[in-house]
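See structure below.
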Amino acid sequence: MAPLFLPLLIALALAPGPTASADVLEGDSSEDRAFRVRISGNAPLQGVLGGALTISCHVHYLRPPPGRRAVLGSPRVKWTFLSGGREAEVLVARGLRVKVSEAYRFRVALPAYPASLTDVSLALSELRPNDSGIYRCEVQHGIDDSSDAVEVKVKGVVFLYREGSARYAFSFARAQEACARIGARIATPEQLYAAYLGGYEQCDAGWLSDQTVRYPIQTPREACYGDMDGFPGVRNYGLVDPDDLYDIYCYAEDLNGELFLGAPPDNVTLEEATAYCRERGAEIATTGQLYAAWDGGLDRCSPGWLADGSVRYPIVTPSQRCGGGLPGVKTLFLFPNQTGFPNKYSRFNVYCFRDSGQPSTTPEASXPASDGLEAIVTVTETLEELHVPREAVESESRGAIYSVPIVEDGGGARSPP
């Protein structure tokens, strides 16, 4: 009897499967989805430090939306943030119920939702440096879901600037002029606060655009308490006499050109550095331009001249050999109190800047990434407490510029005998 059942079994095996299985397979294709989620705009989306940005995200229905009985309530909207391999929830909303993560409290909103169930755009304000990353918009409606993602880049950097000869050398008027001279502008209180929220710390009082003097502290300690009673925050001296002398907090944002490292075989003096850049259809870069390039990802473990006579280099991926364990624009000072630019006859590489519309006339010289570091003694990343006379600014520290002392007797940084 067994042979009589064999054809029947084969026929059953070859017969089409249940319709439900075919529906499942078809449901996996994007063509069968009820809707698609799309983020508009050219990636990466650009925001500015301390500013606001709206990430436009819309739901496009591919067939008429289901009736009220087909689904319960409004679509579920979820925004997430991805950076450094980690994912964090920004907010989750369904109808009038919205849950916002603590890190984004009072900073995010869905301006159109739920009045519009197809516009789930995210408004993000008080932008910080660590808001740069991938944002994902996900919508779930009934059994259907769809998502889209976009990269966001928050541009703009706040940095402390001081004269090479002395600390606290700028009146309010001279502070504004100094920032403009180095290709930047004086920072606003909002920009300094946004930088602080992104992790910036500097125990040095500096002018801001509203004629106040402030400084950001992450780790309260002796001589860096200010008016915060031992708590982290931005210390504020309030409105200060414009003739008083302090450092400055400058702000740089747009590069609008190409910044490159020039590395001639024998290095160059400051005067030779200017000529070197001109020969290549460029000019010697300003400090503000170097900070903007670093903010855009420039990483060079090689000290170079800048237009103000300072010698600096940008580090994105830190190492002990390249100035310690913190990223930033490293500055070479002659003296332990973090003053004194190198002698103009010392020899270093040079950072040049070429406008966007200016073609290259001569290829840039190439050199190892660590050229010139043989003569630099790297300091530790521990923030240094440096005290000044009490009459300058009572009980305040002057520490923690990214800096390394230099030695004038050999290697890549050389002075004539």
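Here, residue 1 is simply the first one shown, and the rest follow in order.
Cβ atoms here come from the backbone N, Cα and C positions, even for glycine.
Annotated in Swiss-Prot:
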DISULFID  Cys57-Cys137  disulfide bond
DISULFID  Cys179-Cys250  disulfide bond
DISULFID  Cys203-Cys224  disulfide bond
DISULFID  Cys277-Cys352  disulfide bond
DISULFID  Cys301-Cys322  disulfide bond
DOMAIN    23-155  domain 'Ig-like V-type'
DOMAIN    157-252  domain 'Link 1'
DOMAIN    257-354  domain 'Link 2'
CARBOHYD  Asn130  N-linked glycosylation site
CARBOHYD  Asn267  N-linked glycosylation site
CARBOHYD  Asn337  N-linked glycosylation site
SIGNAL    1-22  signal peptide
Largest tally of Cβ atoms lying within 10 Å of a Cβ, found at which of the disulfide-bonded residues Cys57, Cys277: Cys57
Nearest of the recorded positions (Cys57, Cys203, Asn267, Cys277, Cys301) to Cys250 (disulfide bond), judged by Cα-Cα distance: Cys203
Rounded to the nearest Å - Cα separation of Cys322 (disulfide bond) and Cys352 (disulfide bond): 20
DSSP three-state assignment for Cys322 (disulfide bond): helix
Sparsest-packed of the listed glycosylation sites (Asn267, Asn337) - C-beta count within 10 angstroms: Asn337
Lowest local Cβ density (other Cβ within 10 Å) among disulfide-bonded residues: Cys203, Cys301: Cys301
C-alpha spacing of Asn337 (N-linked glycosylation site) relative to Cys203 (disulfide bond), in angstrom: 13
Cys179 (disulfide bond) CB neighbourhood, other CB atoms within 10 A: 25
For the domain 'Link 1' (157-252), the number of residues DSSP places in helix, strand and coil: 19 helix, 31 strand, 46 coil
Sparsest Cβ surroundings (other CB atoms within 10 Å) among the recorded positions Asn130, Cys137, Cys322: Asn130
By Cα-Cα distance, the member of disulfide-bonded residues Cys137, Cys179, Cys224 nearest Cys277 (disulfide bond): Cys179
Among Cys57, Cys224, Asn267, Asn337, which are recorded as recorded positions, the nearest neighbour of Cys301 (disulfide bond) by Cα: Asn267
Separation of alpha carbons, Cys179 (disulfide bond) and Cys352 (disulfide bond) (Å): 19
Cα-proximity to Asn130 (N-linked glycosylation site), 10 Å cut-off, over recorded positions Cys137, Cys179, Asn267, Asn337: none
Pairwise Cα distance for Asn267 (N-linked glycosylation site)/Cys179 (disulfide bond) [Å, integer]: 28
